[in-house]
Amino acid sequence: MSEEKYIMAIDQGTTSSRAIIFNKKGEKIASSQKEFPQIFPQAGWVEHNANQIWNSVQSVIAGAFIESSIKPGQIEAIGITNQRETTVIWDKKTGLPIYNAIVWQSRQTAPIADQLKEDGYTDLIHEKTGLVIDAYFSATKIRWILDHVPGAQERAEKGELLFGTIDTWLVWKLTDGAAHVTDYSNAARTMLYNIKELKWDEEILKLLNIPKAILPEVKSNSEVYGKTAAFHFYGGEVPISGMAGDQQAALFGQLAFEPGMVKNTYGTGSFIIMNTGEDMQLSENNLLTTIGYGINGKVYYALEGSIFIAGSAIQWLRDGLRMIETSPESEALALASTSDDEIYVVPAFTGLGAPYWNSNARGSVFGLTRGTTKEDFVKATLQSIAYQVRDVIDTMQIDSGIDIQQLRVDGGAAMNNLLMQFQADILGIDIARAKNLETTALGAAFLAGLAVGYWEDLDSLKELNETGQLFKASMNESRKEKLYKGWKKAVMATQIFAEE
């Protein structure tokens, strides 16, 4: 009898790396997680040691094998999903990074982005890449490293250096330098990739003086990129055959294959992505246009809205205000609130994300009375997450012309039933919470498995990640719109207060 085969997903995140082994039913068999240090050289700067990331990945691969007793030879394929935009540049010969990885959150390259805006390149960048000019994306991070590491520009021009986002770095390491590749979803977040023509954009490269020689080859999200070097995978030469940035991987893991399907991941922040199909739709309302995934010779585009503060608002209640001891307590406290007062917490602790993009805004609270209780305040904080999601969903419907019928949800805060019910109420649509909340890793596993025939096709996946719970809207229309109107007033007042 032959041994059962599995798919391994490597989920490389901002604070930790994970390896998860899935079976053919999409069930998690084993997982391992390891955190790694965050580096803060100056206020607003965030960096990682790329070698520490690689070491953490090696550690969790071993951990998953130890936990499961599965052998490397039983892994049919590997899928990789990763923190997006984070930038590594390394020496092609030695494999050593020439500087720390600059993390997506880091603002150290903001002056480069500001200069591009001042020079009038906003429309050009938007039309070609679907993005806004921001330090968030990889392009300014590459330019910063080439400017600040002595001799780096010259070495890049000679072809001695390589650039990659974290997916590229991990594939290069796992294959022992045999493959220097990225995928559509990660390339689309560099601010260098023309998402319409599906190629690195010569005009933008010239504008930023970034040599094309350092860039990886861009591949689809589901194909064999290379095989693990045996000494990096405990003797196994296993195909690496699926890759996607974390939010796009979650879109795929949520089985959002049709235009108009939308998923939201309630993590530290909230990332809402809508599949818009094979037509690229540029947002006119401050959403990002990006590539969802490319598979079977087709590319599917997406609209994305990023909310900076979601689950971290609950952490603030716990660590900052000390109103709760654990995050799950927030639900019980909010349920105990008996007030109908319209209290609004606008958690703009680091500014407002989509669709406002106001980096000067700061947190505010409206509607407090002498009778306001801790329970009321916790409920208002939870509701702020749902209001922000509605801001993005309404904008997506305007941009796409698609009437959204359902929101598929995952992430830690999606386990909060009160939040999910209020989300359904304030949107007036169904909220479908996945039974398996490991949708990001599952998406990477699905992409890898499809490429090697482990799963036959998209239809064969649809029965694997069924809905765990459906939340249906129950609030009447006038109450819903009255509450949301109050939220819009609170956000407007918050922005006015932030004006200089």
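Cβ atoms here come from the backbone N, Cα and C positions, even for glycine.
Among the candidates G120, G164, G412, the residue that Swiss-Prot annotates alongside T14, T15, S16, T268, G311, Q315 as binding ATP is G412. Together with R84, E85, D246, Q247, the glycerol site in Swiss-Prot holds one more listed residue from Y136, Y193, Y293, which is Y136.
The separation of Q247 (glycerol binding site) from R84 (sn-glycerol 3-phosphate binding site), Cα to Cα, is 8 Å. Among the binding-site residues listed (Q315, G412, N416), G412 has its Cα nearest to the Cα of D246 (sn-glycerol 3-phosphate binding site). Here N416 (ADP binding site) is positioned 10 angstrom away from G311 (ATP binding site), judged by their C-alpha atoms. For T14 (ATP binding site), the nearest of the recorded positions E85, H232, N416 in terms of C-alpha separation is E85. Close to the recorded sn-glycerol 3-phosphate site, the chain also has N82, Q83, T86, V103, W104, Q105, R189, G245: residues not among T14, R84, E85, Y136, D246 whose Cβ is within 8 Å of the site's Cβ mean position. The Cβ centroid of R84, E85, Y136, D246, Q247 marks the glycerol site; residues of that chain outside this set whose Cβ lies within 8 Å of it are Q83, W104, R189, G245, given in sequence order.
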